[in-house]
């Protein structure tokens, strides 16, 4: 059994039976955990900002985000013993707030039921042998288009929240007013943040948020006073989100079942493909991948991701998923579940700093949101442009999501276009049961949305 010198015996299970533990040390695992948290700590700031569109209290959302990340990462550390951290997923939080609550007009509790259902599907798939069948049955161009569409929408919301994009009297988007100091500060942050990322500054996104927040102490805000107002008590005992713990609205979900089901399917598919890509990518960079494309404790890792979403839904969070930022910890030497446990501890500590986090203005999160959106659009380069149907379906999802502000409309258009093109080409093998099932649910979704039956 592998052991780490200096590691308490009570934590020995985190490295037991893991050959990669021989390549690391206790100090290296701790540094790796600190590095991973520095890279993904922005989620404690950005996620509440996005979810605040639901009308929920930002203080409560900060606590929910931190607790969901902490519990999810602990589950991954214990189950898989891999250096992978989890948190509420960027993309799912947009669908949760902007699509389900704002666009569809459903309650926060109904959105939680959708997340719960997606987590149940993911967990069941993780313990079965159907995972590879789902991967093969879902067209890559649609998956990439979905990811890129959400990424562009996240970037757009960041620009609007930061004041760099406003709506002119005609209703068309227009550039922000740079004569306003707060907008100018946001613009400067947007230009500097990618430079920090290119220079490989650790925690560049978190650093940009902190820097803009500090500058906001002396920069006038758009509504009078300074942009950043520090709390009198920066550290305070958090209020538990009691109204959101097991806050499921099963009655409204049942009343709108066929309208809500496709969105629940999105939560499942989004988490499923995100987990698959992240776990493979992180373990490959850690040198844990075998020649046949497998990594240690793969089934337990997928199961942990599904359970994390179930726990997250129970405490009021959107889908909890593995974060690709875990790769930064791997590059710092993290190889075992101890790295993940360090990240979980830091998320737990962040709960007590909620007054400081709540004081961070929307302008400070703008560059981080835009950069996250750009990173999510990276997948567009993997589309096979030698076949016309691939870029068409992906770009249709991208365009319709951004122009309508509705992810489900974009997904419907991309899936229907892909299916009809396959029918026209008579490539029946590419009309998989997974794709046809999604098409059927999306047809029902469009019908119910258009007729307002639900």
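Note that Cβ sites are derived from N, Cα and C of the backbone, with glycine treated the same way.
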Checklist line | Candidate ranges 13-30, 31-48 [criterion: TrEMBL lists as transmembrane segment] | finding: 31-48
Checklist line | Residue numbers, six or more beyond the limits of the transmembrane segment (178-198), whose CB comes under 8 Å of its CB atoms | finding: 162-164, 204-205, 207-208, 211-212, 215-216, 219-222, 227, 361, 363-364, 366-368, 370-371
Next item on the list: May I ask you to check whether the transmembrane segment (144-166) and the transmembrane segment (302-324) make contact, with contact taken as at least three Cβ pairs under 8 Å and only pairs 6 or more apart in sequence counted?
Entry: no
Margin query: Counting Cβ pairs closer than 8 Å, which of 205-223, 257-282, 336-357 has the most of them with the transmembrane segment (431-448)?
Written below: 257-282
Next item on the list: Take the transmembrane segment (364-383) and find every residue of the same chain, 6 or more past its ends, with a Cβ under 8 Å from one of its Cβ atoms.
Entry: 42, 45-46, 49, 90-91, 140-141, 143-144, 147-148, 150-159, 161-164, 186, 189-190, 192-194, 197, 205-206, 208-210, 212-213, 216, 228, 390-391, 394, 398
Check: Among 31-48, 257-282, 336-357, which stretch has the most Cβ pairs under 8 Å to the transmembrane segment (100-124)?
Finding: 257-282
Check: What stretch, picked from 31-48, 205-223, 257-282, 336-357, has the most CB pairs under 8 A with the transmembrane segment (302-324)?
Finding: 257-282
